[in-house]
Structure formats: C-alpha cells, structure tokens
Amino acid sequence: MRKIFALALAVPVLAAPSTLLATPAAAVESCQGRTATIVGTDGDDDLRGTLLADVVVLGPGDDVFHARGGDDVVCGGGGKDRVFGGEGGDALDGGGGADNLRGEAGDDQVRGGPGDDILRGGADNDLVRAAGGADLVLEAAGDDQVTGGTGKDTLSYQESATAITTDWGSGFVDGAGHDSVGHVESLLGSTLADVLRGSAAADRLAGGGGADQVFGFGGADLLRVSSGEARGGVGNDTFVVVRTGTALGEGGNDRFVMRSGTSRGGVGRDLFQVLAKGGGTADGGRAADVLSFEEVLRGVTASLTTGTATWGDRLVRFDRVEVLFGSRRGDRLTGTARGDYLKGLGGDDLLRGLGGNDLLVGDRGFDRGEGGPGGDVCVTEVQVACEA
C-alpha cells in the first residue's frame, strides 16, 4: 500500500485531510553529504517536498517524490523510484532499482544508479549522467551534458520538437539546444527529418520516424531507417529497414533486416533477412549475396528467375541475388539457367535448379531436388537429374 507524506516545517504545507505527516528525519540519514530533511519509509511512499530546498532520502520501496520548488537534493532507494524535480536547480540521484528521474524546470543534475534507469533533464541546461545498467536518456531542449555509464545506454530525442543533427564522432548533437555527449552507445533521433552521422567506431544510430539521413561511416554499425535513407560505409554493417526507408550497404559484408522499404547491397557478400511479416525490395549488388526467409513462419515460393518471393499476402522483389534460403516450412525454391545455391531449411521442400551447376540442399524435412541440365549436387531425399 502506498503511503502519502508531506513534511511539516515552519512554512505551511497544504495537505489533504487524509495525508499523514512524515516522521522527522534521523540525523544519520544524508544525501550527497547533506543531512536529510525528508526520509522515506520501508514501504511504497508518495512524498511531496516543500517550496524550500529539501534534502531527501527515499526508502527501499517503489517510491514517488515530487520536489516542487527549491534547489532540492534527492537520493533514491532500492526500489523503482519516480522523482520529479519541479522548479529549481535540483540534484537527483537514482537508487538501486530501475528509476525514472525527471529534472524538469531549472538547471538540474540527474544521475542514474545501477539499475536500468530513464533519465530526463528538462528544458534548461542540465547535466545527465548514467551509471550501471542499460539506461535511457530522453532529451528535448537546452544545452545539456550527457554522459553514459558502464551499461549499454541510449540517448533518445523522441520528445524533441526540433529535428537534430549530429556528428557522433565529435560528441555533439544540435537541435533545440547544443548537447555534449560522451560514452553513449545508441542514438535515437526525433520524429522529424534528422541528419545522423556516425564515427569511425561501431555506432548504433536510428532514425526516429522522419525523412532521416543516417550515415554509418567506419566500423560495424547498426543503422535503422524508416522513411529516409541510411548509408553504411566501409564496415560490416547491419541495417533495419522499415516503412519506406532505403538502406545502402556500400562497402563490407552487410546484413539487411527487411520489414519493408528498399535494401541495396554493395561490393561485399551481403545477407538479406526477411522478417515473418516483412516485405520490400532487395538488390544484392556485385558479390554473391544471400536472401533468407528463415524467420518466415509459412512456406515461401521464391524464384531467382522472376526475382519474386511470396507467402500469404506478402511479397518481396529482388535482383542480383545468387543464394536462396527458405523458411522453416515447406518451400518451393527455383533457380536460374546459371549455377545457383538453394537451401530449404525446415519443412518438405521442392528445390529446382534449372540450368547450370547447382547446389540443392534440403536440410530438415523430406525434400525433393530437381537439378536439370548441368552438373548438379542434390542433398535431398528425392533426387531428379542430379549428378551427385
């Protein structure tokens, strides 16, 4: 049961008739080296501060604290705490749980704890620091300093009313403010048209829904695009393509996770993975590229000759793909007049090589391989026109 407290000081505090008064703070309790003026209980508390500068120590429960006015100092407890800074320049420290800390108005200092925290500064110039755990930092406005911790942290601008531009290698993000960022692993843009530029390292950059321009540059990057364009660079990159987005692999052996949109490989040996409810268009590029339906839960009919794949009401169009991997169900995979590699995976598959020297592999299930003209290798239960 959540308990609601208001502190009784010389300054009057209005409270509902059912609101209890907090027990005076014990002298041994402190927060950031200062003696506490408000101390939580062992239960789930709902505490409200005064209009003055409070020093607050929360207990081990899942607590809620509304700081109201003043430059407050708050230390979280062991539970999942929610702290609202209110007005004033507050210093908020997360406790051991997965906390939600909001600096709100004023130039605040917001620090996470060892849990997976959600950290917000506010509209002013804030200092936000993650600690342990996989933290989510939400930015909107102000000239803020954001520092990640030891976990895999994400900086999100989904609440920003302004598009952002970042040069991730330099550690700056420009939007409604000019933010300085360090030791953060992932960046999620706004819902507007952002420009996200990566670094020479392995970056995780995601457009937030607008017509974004996402550039990975060096490193093995993870890039997500929904209605704009993403370019990988020289590393072995992974793209997640949704809605009407376009992904361009360029150099490296890249991986494309296809929900929809357009995926284009480059000079490397690329892998195009179609999701169960995926679709879109794939262009393999120059090297020997793979189109895989392993995540699809229904039998797929796909042809390297026609460049189409269908299952249910789903459709994928593709070009310059040399290898087909089927689904976990019974598939019908057809090659070309050249030498192809078809693999059925699960289910009872029909693999047709047509011309050329083909490799037809059924894998699990009772499969049929039809080689056709050429020197074909069939690893299937039933073999027709196969030389090996």
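Every residue, even glycine, has its Cβ placed from backbone N, Cα and C.
Heads up, TrEMBL stuff is auto-annotated, nobody curated it.
Sequence annotations record features per position, and here TrEMBL assigns signal peptide to 1-22. Annotation source TrEMBL lists region 'Disordered' at 86-116. Summarising the annotation, TrEMBL assigns compositional bias 'Gly residues' to 86-98. For 101-110, the entry in TrEMBL reads compositional bias 'Basic and acidic residues'.
Long-range contacts of the region 'Disordered' (86-116) within the same chain, counting only residues at least 6 positions beyond its ends with a Cβ under 8 Å from a Cβ of the stretch, are 31-32, 49, 53, 58, 62, 66-80, 122-136, 149, 151. Counting residues per DSSP class in helix, strand and coil order gives 0 helix, 3 strand, 10 coil for the compositional bias 'Gly residues' (86-98).
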